[in-house]
Structure formats: C-alpha cells, structure tokens
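Some notes on the structure that comes next.
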Amino acid sequence: MQRSILNSSTFFGDVVRREIDGFRVNRRPYLGFLSSEPGAGGAVAIEHQGLMSIPLVVSFCKMSGNSHFLAVGDEDGFVSLYDTRQCLPSVASCMEKSGQARVFDWIAHTNAIFDVCWIKDDSHIVTASGDQSIKLWNAENRKCMGILGGHTGSVKSISPHASNPDIIVSGSRDGSFALWDLRCNPTSTRNGETRLLPVDVVSGAHGFNKEVSTVPIKSRTCNSFRRKRAPRASPMSITSVLCLKDSLSIATGGALNSIVKFWDTRNLSSAVAQACPQNKPSAEKDTPSHGISSLSQDSHGAFITASCMDHRIYLYEVLHLNKGATKVFSGSKIDTFYVKSALSPDGAHLLSGSSDGNAYIWRVNKPEGIPVKLEGHEGEVTAVDWCSSEIGKLVTSADDSKVRVWNMKRGGCISSKSPTSLRKRVVANAPRIKRCRRLVMNDPATVLKEVTDNTCSMEQTTEPSSPIQLKELQFSTPESGKKRNQMEENEALMTQKAALSSPSSVLNPPPSLKRKTILDYFHAAS
C-alpha cells in the first residue's frame, strides 16, 4: 500500500511536494487553489438603491477583534461597511446579494472618497474626499464628529499617527500636506458644523508646475481691461502621505517625479531627506517625470514601498535610504494615480493592483520572481489591503464596481513550522503518549507516584549552589575602589551610547533618552 506523506509546504506560490515511495513529484502552486467562491472569500457589488458605484478605497479594521470588518469608499461619496466573516456571495450572484454582507452605508461626502483610515481602536473612521474636506465619523452611529477644512484641492491621501490616535496627516492635490490634531479646540460654522484647522501646513512640498492661465491685464492704450494668457506656477499634487513607525517622521510622494521626501514633524520647514530609485537623488530637471501613486510600510517599520507610474514598485530599507531602492518589482501596469499597492503586515509580501484588470502578489525576498496573478476583475484594479490579523486574507477593488475578498488559507492551515518537523515531533513522542494514556486508563495512582518520583529525582540531582559560583569578596584600598567605580561608570556610559546608536531604540526608545527619528541614523551613517 502506497503511503503519501506531506513533505513540505510553503506559502504564496512555492511548490508543494509529496513523497511517494521515495519519489518526489511536484504539485500545483498553493495559490492555484484560490477562488472567490463561498468559503474561500467572495465578492460584493458596490451599489446604493440599485445604482452601481465604483469603489476607490478599501480598508480593514486594524484591531484583531474587528479585523473582519471592511470599509469601502466609492466615487459617489458613500462609505459602506461589510462583515467579511459571513459567507460572501460568488461573483455571479454578488449583484443580487450585495446587501447581505453589508452592515450599513451612509453618504459621507458630496464628492468621491479617495482615502479611508480607522483610528481610536476602530471606533472612528476618517475619510478624505474630492470636496476638499476630511471628516471624522463615529463608526457605530455614523455621526460626523468634525470636519477638517483647510485644503484648497481634493484630499488624495490620509495617514494616522503610529502611536497617537489624535494626530493625522493629509496630502492634497493643492500641493500641500497638513498635520492635524483632533484635540485642538474646534470652531462652529453657521450650519452648526464643527470644524478644525490644521496645526501646520507645508505648501509646494513636491515642486511647482508651470501652466498657462488666463489673467486680466490692464491695457496701456486705454482704461479698459483685456484678458491675456500668462504663465503661472501651480504646486504639484501630493498623491500619498505616510506616518512612519518612529512616530516623528512623515513620508510624502507626489505627481511630479519618483522622489520620496521625508519630513521631521518637529521642524517642517524643509525635508530632511529624500530617496529615489537611484543611489543619489538627481537634479529635478534630470529626474524622470514618473509620479508616485501610493506609499506603504510594514507593521515593523523596516520597509517602505513606492508605486511609481513607470510600472514599477520600489522598495526602500528605512535605515539605508542613501542606497536608493534596494528592490524593484515589475509586472503590474500602473498608469493612473488610482492604482495602489500595500505591504503585508509582516513585510514578507507585496500586493498591488493593476490597470490590466489583475492584482499581483510578490514575495519581498524574491522580487525577480514571477508574481502570483489574481484574476477575476473586469476593470482596472485600484485599491488593495491586507487583513492585519488573519494571515493570507486580502481584498481588491476595481472599476467593475466589485470588491473581492481573497482567502489564501484554502486547502490547508498555514503553520510557521514545516509539516516535516511537526511529524517528526509527533512520531518521537508517540510511545510516550501511548504509555501515559495506558497508565491513566488503568492505574491513575501509578501515574501520580511516577510523577512524584521524577520530581524528587530532579530535586536530588540538582546540586546546591557552589560557593565558587557566588560573587567573590573583593578586598581593595580606597584608591582601587575609586578606580573600579570609575570603570563601572564608564561601562554604563558606553552602554547608554550604544543604546542611542542602535536602530532598535527608534521604535522602543528608553524613557530617559532623547527621542530620535530613523532619519537621524540615516544622516549619521552618511
């Protein structure tokens, strides 16, 4: 009788091998089992009162207990909340059953919603819209808690602070990014709305674009006015903002070029660093005019990805920005600023939409490998997101008015340890397990006695602490004692300096040390 043993299995595209009588045969990749049928994800159609709408942003809740809730913002200004734990309908029936998984929806803006984020332990939702405003919502009763006004263009991107839920950063088409503090005293308008003003605004963060406009100019020959076309400079759009995990730095990307700029919130007068695909950022006139559509970062803060309009996604190591992009991912077609990408929470995989109607997944440690293609959409795949607590669960949305949830765990449970090591451990412990089971069933007193004897034998074999292992008594003169104390103080000082120089102190700084950003270490290394 042939015996089939699962020899090794890995996640995201690695081949699953089986050993049959000493021979190894290759099976289909793990992602070959993916589908959007019930039990493996599903699909929902974005519609309101029978009218279809195109989703522009998707976002899972961040807390582990709420991560199954999904917020969707669409071009009609609606926010819809879905429960992905339910059995979602198939693609064929999602049009008729779109309301089954929807918890509720409401009109949040009078224009398209370009970004959504969860804050305050998922109790509030922040939305950014083309009506030039940002709104704060109570997620339970859908009540608007405040309007963040100040931008003069569509708000394209928002990012919550890494550790303070009251701080938000926004980027706008007017070329500025703003820093907001929800604890500031609001002002009331005539309509009774609560409005907040930004704490700080940086205008023209990514340069200016010369364009021709019609302005009134007074004629020299008469007192009448005539209109003449005159050049003027307009700030380039900020397409993406990102609060870094050091809680003090901000990364921004724009529509002008592929340069990512980094800012220190303690002094926003100018960018403290910048990174581009090359080793050193070249002059602005020599930089390719490929804008950035989105920025993302893993939960550990080690990597940053920038989706560029040259159909590539560049990965930067935060502590080595001076080296330029360390990895480049190609395969997806990014030719609009609506196509986004996202790093998985563990930083191991990269998910991206594409204008060709597919989504792609790369392994971060194998950028040259062929990405996994997620097929099924019938339009440009724009927004993507990972579930923070359920491994392998992700979502994609497209211009076909559909949002699809993918579950990578179909066909087996993912384990951090290989099945081979688990099988060896079970086989090695099998005789002991059988013996314990027999003793427990037949003679429980014998088990108790055996456990007691083993405990006593362990105590007897444990030798008492030897005097040699104790700290020796030190006899010294007052002068030698002073020298020893000085040496201990020097060692403590060196340890403190080492803690300051360690990159790990950025994310977990000692309370007595001055806060530093990751960019401080970048400048120190250069």
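Quick reminder: no glycine exception, Cβ is built from N, Cα and C everywhere.
A quick note: this is a predicted structure, and the numbers were derived from the prediction, not measured.
If you look up TrEMBL, you'll see 276-295, 475-513 marked as region 'Disordered'. According to TrEMBL, the feature repeat 'WD' maps to 106-147, 148-183, 342-372, 374-416.
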Folded-back contacts onto the repeat 'WD' (342-372), same chain, C-beta under 8 angstroms, at least six residues removed: 12-13, 29, 31, 294, 296-300, 302-303, 305, 307, 313, 315, 327-329, 331-336, 378-386, 388, 394, 396, 398
Beyond the flanks of the repeat 'WD' (374-416) by at least 6 residues, Cβ under 8 Å: 9, 11-12, 30-31, 33-36, 39-47, 52-62, 64, 67-68, 70, 72, 82, 84, 88, 91, 94, 299, 336, 338-345, 351-361, 422
Secondary structure content of the repeat 'WD' (342-372), with strand meaning DSSP E or B: 0 helix, 13 strand, 18 coil
Number of helical, extended and coil residues in the repeat 'WD' (106-147), per DSSP: 0 helix, 25 strand, 17 coil
